[in-house]
Amino acid sequence: MVMLWSLQKARPLWITNLQEDEAEEMESPQSPGQLFNPALAHSISVAACGDIFSCGAEDGKVRIFRVMGVKCEQELGFKGHTLGVSQVCFLPESCLLLTGGNDGKIMLWDTNSEVEKKPKSPTKRTHRKKPKRGTCTKQGGNTDASVTDEEEHGNILPKLNIEHGEKVNWLLGTKIKGHQNILVADQTSCISVYPLNEF
């Protein structure tokens, strides 16, 4: 579940169950032999504007929500990774979203253009109270410029796709010596640094 809390009243103002939302989106019933990852929320990040946040989930999807008063509306949802999305992080002062996954990939998405296209009407998903080992000296890794097709990601395509090779446990977009970088922690004892020169 994802909840919007009132800290003054110490109670949630808005709740959505990602698993119920997933069931509503499924077009065909699940066959008895098929297994899917459940939509468990792993990570949440709030954009600098303060009214947009993202949620990365075990089902490999990234969901973008807009806070509208005492409720939230899902603005965008797309398949971000082949395994669970372990981390989401908006870059400072932008709507560029970093995602890291259990599939060992790091992706950069421009969510601003897609969120602005969406109408600001309520959606039915709004509920109210009911791999390989890397080395310690990675400084860029394999930055794969080819992006996967629209079938996998919907209408939004990643601006950058990095094959990190390890499950991403934590990531952060930050400036080091005036240049934008991605810091990544995985299951090793190293922090990897990837430059974001063009962003």
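Cβ atoms here come from the backbone N, Cα and C positions, even for glycine.
Annotation source TrEMBL lists compositional bias 'Basic residues' at 120-135.
According to TrEMBL, the compositional bias 'Polar residues' annotation covers 136-146.
Per TrEMBL, the feature region 'Disordered' maps to 114-152.
Per TrEMBL, repeat 'WD' is recorded for 78-113. In this model, the repeat 'WD' (78-113) carries an average pLDDT of 93.
With DSSP states grouped into helix (H, G, I), strand (E, B) and coil, the repeat 'WD' (78-113) comes out at 3 helix, 20 strand, 13 coil.
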